[in-house]
Amino acid sequence: MYITDNETKKALLIFTDIFSGPASNSHISRSTLQEKSAKALKEIEEKELKSLVETIFLKPLSSLRFRIAKENPATLVGSGQLEKIAQAIEEEGADLVVFNSAVSPRIQRNLEAALNTCVIDRSEVIIQIFADRAQTREAVLQAELARLEYSMPRLTRRWTSLAQQRGGAKGTRGASRGAGEKKLELDRRRLKTEITKLKKEVERVRLQRSEQRKTRLNGDKKIGAIVGYTNAGKSSLLKKLSGAEVFTEDKLFATLDAETRKVFLQTGEKNIQILLTDTVGFVSNLPHQLIDAFRSTLEEAALADFLIIVCDAAHPAMPECLEVTKKVLDELSCSDKPSIIAINKMDDIFDEAQLLNLKERYPEAVEISVTTGQGLEGLKKKITDIIIFDK
């Protein structure tokens, strides 16, 4: 894994688009609309990677975007594109290169050899953020497991780099390589042992969480899960509805643990008590290592009676963020649960056309602002309706 030190490192950002050829003339108007949409999504994609990179205290430099017919199996991009990356590294003084697309261990080694610069991908950045953000024992275990599983196939990268630094004197290269291979094998065994141990510990925590769930499920209180894209305001909403202290911060992946709090709702003269659980935020192309490691936390959504899907109204790609959330929920087999879409941060929207578009596109959604309290009573009413209807 790439660990930053006290000195701020500068990162060159690389994006690749698979190009399948020009659109036919019979679809010119349609392709024009698609191109406009694609351009907007590319801008959002670049902003998101920049934000992720800044979260691990790297300084993002310029972004290079390449269109490729297909991925080069050796270096992902073509030789001419590789030269442009090398030129940008030299001109901008980049310390490392960050690819937005997934980079295999083999391609990563080849790129580092060709560019003589550290190369990481978006998955590694996200895993590093999770490792930095982990606070509780459960989150630390899960983040460490994801980190080790990601690092395992990349071990040879360390030793290739070390061998290049040593150079190897004439007549000693064979012995040096043999020692390196021996050390590499020892490291692999050690890592496998650590991964096995961590998996057992994570499973133990998972069982404990399962027992806690059983206790909650056996009670008479309905359970809701707050889900959504990272930094949409999920923890702030839980804090506002429950009145309890919940850790909140305006950062990506500020919450990695499933926090559960009591919430009291009023229906007529009767008080209803429910349990609401905050969950880890989603992001597009979340590394599978993290999905596997944090499955016990994500399962809180799968076992809930209903879902509150929180969206950030001010996010330029809110519809795409909502689709990412729905995709993850589908993977967890809970997309058919009763759900409420809560569009948060409405106090940040001042454009009348944007407001109208949100109302037309999501007529069933509740427009809220955790900051001002706007729409929270309406949200509580929706929750109450779900609970009464579900009885």
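The backbone N, Cα and C atoms fix where each Cβ goes, and this holds for glycine too.
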- Task: Using Swiss-Prot as the reference, determine which range in 162-181, 182-201 is annotated region 'Disordered'.
- Result: 162-181
- Hey, how far is Ser235 (Mg(2+) binding site) from Val280 (GTP binding site), Cα to Cα, in Å? 10
- With neighbours defined as other CB atoms within 10 A, the best-packed of the binding-site residues Gly228, Asn231, Lys234, Ser235, Lys345 is Lys234
- Query: What is the Cβ neighbour count of Ser369 (GTP binding site) at a 10 Å cut-off, with all protein chains included?
  - Reply: 19
- Per-residue pLDDT averaged over the domain 'Hflx-type G' (222-391) comes to what? 85
- Message: Under DSSP, is Ser235 (Mg(2+) binding site) part of a helix or a strand, or is it coil?
- Response: helix
